[in-house]
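These notes concern the structure reproduced below.
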Amino acid sequence: MSTRADGRLDDELRAVVITRGFTEHPAGSVLIEFGHTKVMCTASPTEGVPRWRKGSGKGWLTAEYAMLPSATHTRSERESVKGRLSGRTQEISRLIGRSLRACIDLAALGENTIAVDCDVLQADGGTRTAAVTGAYVALADAVTYLSAAGRLLDPRPLSCAIAAVSVGVVDGRIRVDLSYEEDSRAEVDMNVIATDTGTLVEIQGTGEGATFPRSTLDKLLDMALGACDKLFVAQRDALALPYQGMSPEGPPPPKAFGS
């Protein structure tokens, strides 16, 4: 197995760091780092559901993805200034939402929404996969918050963990967790979202200027799923620590006689 420009083996993830309680106000707030890629993921419960969801008795989960203007080497203009979201931003936002909805029983939320926000602070490839992986941890913390507040119909609505990783063919070799330098010249580029129960949520894959055989697809998936297993361990280790956010306030104490 060959080494890469950054010294990693083909099947080796970049250093993964998950920091919970990164900001104070959201119910779930996480900074996730895949090497030099850093994404802030928050999960915020809000009252109500979209209009088309009203009356269903079920909640909703939505996600938004964005990059800070200086997340890359060259500053980009804020999309809010442009007045429109790029197709890439919309695609990744929907991907994150779909991925997280695969692991939660929305009926347990009642008619309430969890809004997930993923903001890329620094980009070096794999921002969407880092966002999905970190957003799951933020969601788990938001569920802990809602359960402590007595706002869930089912105190354990999460059925599985969700993680994502990039994988591709670079220099004729199958490699996992591509940096920007590798991703920009990959012959095959793929993103894999999986559950810790061994099932797949989504696969996004393209031959970048070249076709590839079924046997390569199988090898790509095998390497991606092996990497996701390592990400699940990182998620579990992070979530094993005490809840980092502010605990919900309980009901007000009964008034004293005569007050």
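Easy rule for this one: first residue shown is 1, then count along the chain.
Keep in mind that glycine also has a Cβ here, set from the backbone N, Cα and C atoms.
Per Swiss-Prot, the features are:
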- Arg88, Gly126, Thr127, Arg128: phosphate binding site (BINDING)
Where Arg88 (phosphate binding site) falls in three-state DSSP terms:
helix
Site diameter for phosphate, Å, by largest Cα distance between Arg88, Gly126, Thr127, Arg128
13
Using Cβ-Cβ distances, find the residues under 8 Å from Arg128 (phosphate binding site) that belong to the same chain and are at least 6 apart in sequence, listing them in sequence order.
Tyr65, Ile92, Leu95, Ile96, Ala164, Asn191
Sorted by sequence, non-Arg88, Gly126, Thr127, Arg128 residues with Cβ within 8 Å of centre, phosphate
Tyr65, Ile92, Val120, Ala123, Gly125, Thr129, Ala130, Ala131, Asn191
If we count other C-beta atoms within 10 Å, could you say which of the binding-site residues Gly126, Thr127 has the fewest?
Thr127
Arg88 (phosphate binding site), Cβ-centred 10 Å count of other Cβ atoms over all protein chains shown, is 11
Work out the three-state DSSP category of Gly126 (phosphate binding site).
coil
